[in-house]
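Shown next, in structure tokens, is the structure this report addresses.
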Amino acid sequence: MQKLTIRRPDDWHLHLRDGAMLEGVIGDTSRHFARAIIMPNLVPPVVTTADATAYRERILKALPAGDRFQPLMTLYLTEHTNPDDVEEGKKSGLITAVKLYPAGATTNSHGGVRNLDKAMPTLERMAKIGLPLCVHGEVTTPEVDIFDREAVFIETVLDPLRQRLPELKVTMEHVTTSDGIDYIKSAKANLAGSITTHHLIINRNAILVGGIRPHYYCLPVAKRESHRLALRAAATSGDSRFFLGTDSAPHVDPLKECACGCAGIYTSINTMSCLAHVFEQDGALDKLEAFASLNGPAWYGLAPNEERITLIRRVESVTFPEKIETGAGTVTVFDPMFPLHWDVEG
């Protein structure tokens, strides 16, 4: 029986939601992950340090008994964000990053930034105090094809911002294109990228071939196969600029299976099994720890976890529930469309 022991991983991009959904999904993360950067796009969003403090308390209260898990809180950037509040949040140790959502780019992003100039006082303060900016890297202008949103964002928004504020530390979250990978590789400093589990596995065919498959629909949307292969190469390379951010995003089935379904894929429960499969398939099991457990902490200035987990490769396939039940409703679990043989021990 093959075994692989690695430092306990972290998730550098996670949606826990709130209320009954939070209570229903948090255990799938805290079972395997020590820390996670928590997305602030609630309704209403987490825009102040006081909001983040209250949300963190709700997360900790929802943790299953005995689980050790540290939520790393973020603030939702608006055109009215108070730079002093952001700085206080960082000084207190509460705030790990600030999240930029272009208005309308994804779930609950309508209160996001429309004019980046109006957010510059906060961004300048962040650059000064060394607080990272996490970006949803897509433009939302209607004339841009949805499959080109990331590349156009890099050219028209991100690169001008980084030239204007070269000392600002930026995380390109959920990179989905070779353009994004190449841009990160070309940067001399202050740029890194998170990659999701599902974007390593699916391309856009998964959503569209054989019928509309809403449980593979996410934002940024999965791209063509050449982009998926570029993501795989980056993730399995050991390059310290790339790390795991699952973007696990639960929605109840009625909100996915409808005429205008929500974007989001729920992967927290089986991410480590999926990743072990991917890295084994690419002959890179020795790089899994860097991607899931080492590169992220190094980027965010944190120590790696001392605790270890062990992955076991089983002869028989490992089964996960097709759906989970939460107090908010039924959530469909990501199906990688191949059998999984790696399991987390215990």
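Positions of Cβ are set from backbone N, Cα and C atoms, glycine also.
Note that the structure is a prediction, hence the values are computed from the model and not measured.
These come from Swiss-Prot:
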type	residues	note
ACT_SITE	Asp247	active site
BINDING	His15, Leu16, Arg17, Asn41, His136, Leu219, His251, Ala263	substrate binding site
BINDING	Lys99, His136, His174	Zn(2+) 2 binding site
MOD_RES	Lys99	N6-carboxylysine
Checklist entry - In sequence order, which same-chain residues at least six apart have a C-beta under 8 angstroms from Arg17 (substrate binding site)? => result Val25, Leu42, Pro250, Ala328
Next on the checklist: Let me make sure I understand the span of the substrate site: among His15, Leu16, Arg17, Asn41, His136, Leu219, His251, Ala263, what is the greatest distance between any two Cα atoms, in Å?
Outcome noted: 19
Checklist entry - Which state, by DSSP, holds Leu219 (substrate binding site): helix, strand or coil? => result coil
Item to check | Residue from Lys99, His174, Asp247 whose C-alpha is spatially nearest that of His15 (substrate binding site), among the recorded positions | outcome: Asp247
Checklist entry - Leu16, Leu219, Ala263: which of these binding-site residues has the highest Cβ count within 10 Å of its own Cβ? => result Leu16
Checklist entry - Which binding-site residues (Asn41, Lys99, His136, His174, Ala263) fall within 10 Å of the residue listed as 'active site' by Cα distance? => result His174
Next on the checklist: Using the alpha carbons only, what distance in Å do you get between His174 (Zn(2+) 2 binding site) and Ala263 (substrate binding site) once rounded?
Outcome noted: 13
Item to check | Distance, Lys99 (Zn(2+) 2 binding site) to Leu16 (substrate binding site) (CA atoms, angstrom) | outcome: 15
